[in-house]
């Protein structure tokens, strides 16, 4: 089979009939599958062994040849080649069609490629293909022109003859009438007899005249049609056409069905058509020009690739290998088969019937009907349901065609190529393992034994505990003692991967060193739970085994939990102590007044512990302890304490602290500044962040483990419990509420008197009750004692927040109704007091809405992540520095009123972890930091202190790398805290960072109901999607297209904002809804791009009016706004990566002398390259306008057809790609995963993969100490250390011969 490592590009094209025959191993002639008695495949059938290979390895069908020694022999009795049965997965067959059929993708796809090429409407095409009309294929213009006068004379003569015949017949009838009338007169007949005779004669003459006139007019129509006949014309199947064919059939050719299309395509002159269309584009306007451009795209594709358009009509249908459309026997003798077999059988049956009809010379009408049925059968095989009603199987279920096999989540791309399952894996429930180190996990013994079974067996044989594999297997199954010893030895320092679904970001899979544990549950380190989003309420996790040495090395170096302390989304630690640990450390470091031992002094921590053990000292009492070698931060040392230059105390120091704090500081690194504070959640976060910034990962991991152990130890001893008596309702609650009740009654009274509107009443009531709730909450907080256990949990940050406590102990407050409006009547009781029935009922709305929202959010967020990954998957760091001087100017501080610098609140997620693009200069013009400096926490503090307010930083938005981005523009990798490595897949990390917190974003806002409603403003997840899809928002606000003055025109029905530009251009008129809140006033002067009323702005407008940089700012700011409002930190650079991909394409406006087509979407890099080449030749370059594309559209517009096809609209992408003969450069990750190559990221990058290792002189000398090396030495090439040179004697060797 094809080796994926041997090629770097993958091209798709249109297969010709010869190609299909070349792939095939034989023609499938019969619709039979297998013989139901012998269960062997039928000869020449859909499973025939003669075509597709033997069903059993090394065995022909009749059994004459068995065993591998007959390999390659074709049995003369049954015609089957003796080979492996695996060839039934690769060998194809074919069906020779009795009549050509069109490929449904090219005729029925949108747009119809066949329609564009032949300049026909899809409706007309359908008429021809399905035998409802004839198409003129060719006209012999010269012969027609030459014979026209003679033919016309003949026809005129014929018409004259017909006219003469008509006249003579009518005259004859008239004569007869006169004779009859004379006879009647003579007989003395009555007048009504005469009238009858007269009427009868007139009727007869009328019929004669009509018959002759019809013939004459038909001949005239036939002549007119013949004169004006042209290629491509459609003719209905009627008497006129048959007459035309009979009389003038030698001058033209007309056909029906795919045959007509095929003949047109074979005679189609692509070059001439291309020239004609270019001319039309140059001179045409409007719709005509647009259609010409679209047609030229199709024509150019065929011209460029050399594909024959006739390949869109099939004469041969390929039959895929039988193992890919299997047939399996069920219990009870029935068979289950792939739908494809049924579809193939329909094609074969109809094809055979058509062939028989043609051989019998059946009438054309019957043959045409059979051809149409064959066309429909092939259509159903390729894309069932695309045209007309789908072919159904049992239970009215539409059969799955070849297209359905590729499409959607269950299709080949997403199910089997991008979603493979792996062996060497297992899964189990997780439980907490507080005794583990950060890089360890507890693996159940039985599970480990099963996972490492092959390795255990090999080691047992190596150690001679077993003689062969079978014996070793038996030992393992019986769990002998030696097996456990061997298992312990094997798993030592051998990492395993743990994964928890859903894997929303890269921290969802991490490596750990397994520790064997009893039981059946996997033990997980408590600090990594946040990264996995795991808890221990029944969650399950999967274990995977990295097998190769390279995989183990990557797992250990890149994926080990102790190396993944930082979150890739914002570069801050993810392994923070939580819950019990925080309670324990909070208990340890709290300071209490008036407890045992307060004010005592101790010579060491050990002595203080002794006093505590004797119960004479409280853990939290303020005492003085003598400590040695303590470090203090700048300005933090107590008075009188002397420090050296590193901040370390000189000699011992008697420090006023608590025993708990002294113990807590022992968990931190020796040279870490002494912490004299309560370790609550915020403080711990600060400490861990600082540790991660200052120390190597090994030390950070060790410190985190010590902090964790101390947290659990002291949480146990803190005795924190919760009883109902801890829930204290404030005694002042009733008084507070009665005051607000009076205010509410007053507002209600004003409304009832008609002094206020309903909206104003609601608004005022909501404000009153919000104040009441806040006051009750304040009273409740003040009422809770400091040592109250609920208070301790919330104030330490271990669990819960004040809002939850308020609902339990204070009052629930305002809730919303099912419409999302706030009900202006609060729930005045708390859960502790119990709710009334009415209160309970109105609470249920919010609860139910919350659950429904969460379910919707999860699906939406997952789909957003998928689109983000798809659009950014080929953004990989490809080079060190692209050399650009461009960058973004970002603020880091503002000048306060007192002249001091105030740090910008968004610094953490905007400038942090980037590189300077230009020197950072303060107001005095001094360079504070040179260009290229890394901007970390320390640097930011240094810049602000030096009075720098704005810096220019490198950004992926301004990176000029042709493929991917460069390391300098990206800056630090947030996951490691160092400059990003070449090969890092920053696009996927960006997508994960944005998508992972997606579930936390609300679906939509709550409406307060009434005037101040945020009704039309989309927020939360839908807003993020709207921005990334670059959609025009609902109720979008216009922006000023020029600087100028505003005039507002208000009428009863409408409102207009008129902008008169300063430069005297035409005024711009913006119609505005009456209910919109304007941001400008009559007569106000506005600047370019200023927003005119409240609402979101359309990104496409921002791009058109203000340019690329502004639309970048708008998109990044908009997305950040949503995430910040939910308190989710994400670094700007991730959003910038996605925005870079959205602005990747330009639309060609004028093509100049280039090959580009007007209206074509082109990659900016390719556009610049084409223009550069055109310029060097001295020709006219193309012009283009920048596009902002939504992420879905951008994913489908990628250069890689494999990636686009596996994303969405599979059939459309493949149709287009095959027609254009597209070549996939395999630069992204998806396309390489699909074909099974190493991904071009990380260690899979060619830069790292194609490394050749050459030994240094020292290494050689060390390995071969007795040999002298010269450059010609054979050892430079290979290692011949196994050769015993001394055993050669000179007699054995003569030059040029071997004995």
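Including glycine, each Cβ sits where the backbone N, Cα and C put it.
Since this is a predicted model, take the numbers as computed values, not measurements.
Annotated Zn(2+) 1 binding site per Swiss-Prot: 60, 62, 75, 78, in sequence order, evidence recorded as sequence analysis. Positions annotated as Mg(2+) binding site by Swiss-Prot: 535, 537, 539. Annotation comment: Swiss-Prot describes 882, 959, 966, 969 as Zn(2+) 2 binding site, evidence class sequence analysis. According to Swiss-Prot, the feature region 'Disordered' maps to 188-209.
Around residue 959 (Zn(2+) 2 binding site), a 10 Å sphere centred on its CB holds 24 further CB atoms from the protein chains shown. Remark: secondary structure over the region 'Disordered' (188-209) totals 19 helix, 0 strand, 3 coil, with classes taken from DSSP. Around residue 882 (Zn(2+) 2 binding site), taking its Cβ as the centre, 19 other Cβ atoms fall within 10 Å, counting all chains. Remark: of the binding-site residues 75, 78, 966, 969, the most isolated position is 78 (fewest other Cβ atoms within 10 Å of its Cβ). Around residue 62 (Zn(2+) 1 binding site), the same-chain residues six or more apart in sequence whose CB sits under 8 Å from its CB are 75, 77, 78, 80, listed in sequence order.
Of all the binding-site residues listed here (535, 537, 539), it is 537 whose C-beta has the fewest other C-beta atoms within 10 angstroms. Excluding the listed site residues 882, 959, 966, 969, the same chain places 879, 881, 884, 954, 956, 958, 960, 961, 965, 967, 968, 970 with Cβ atoms within 8 Å of the centre of the Zn(2+) 2 site Cβ atoms.
Look at residue 60 (Zn(2+) 1 binding site): DSSP puts it in coil. Separation of the C-alpha atoms of residue 882 (Zn(2+) 2 binding site) and residue 539 (Mg(2+) binding site): 46 Å, rounded to the nearest whole number. Residue 60 (Zn(2+) 1 binding site) sits 63 Å from residue 969 (Zn(2+) 2 binding site), taking the C-alpha atoms as the reference points. According to its DSSP assignment, residue 535 (Mg(2+) binding site) is coil. Each residue contributes its Cα atom, and for residue 966 (Zn(2+) 2 binding site) and residue 535 (Mg(2+) binding site) these two points are 39 Å apart. Note: the Cα of residue 959 (Zn(2+) 2 binding site) and the Cα of residue 537 (Mg(2+) binding site) are spaced 46 Å from each other. In sequence order, 430, 534, 536, 538 are the same-chain residues whose CB sits within 8 A of the CB centroid of 535, 537, 539, the residues recorded for Mg(2+) being left out. In the shown protein chains, 24 other C-beta atoms lie within 10 A of the C-beta of residue 60 (Zn(2+) 1 binding site).
Other residues of the chain with a Cβ within 8 Å of the Cβ centroid of 60, 62, 75, 78, the Zn(2+) 1 site, are 61, 63, 64, 65, 77, 79, 80. Between the CA atoms of residue 969 (Zn(2+) 2 binding site) and residue 537 (Mg(2+) binding site) there is a gap of 44 Å. DSSP classifies residue 966 (Zn(2+) 2 binding site) as strand under the three-state reduction.
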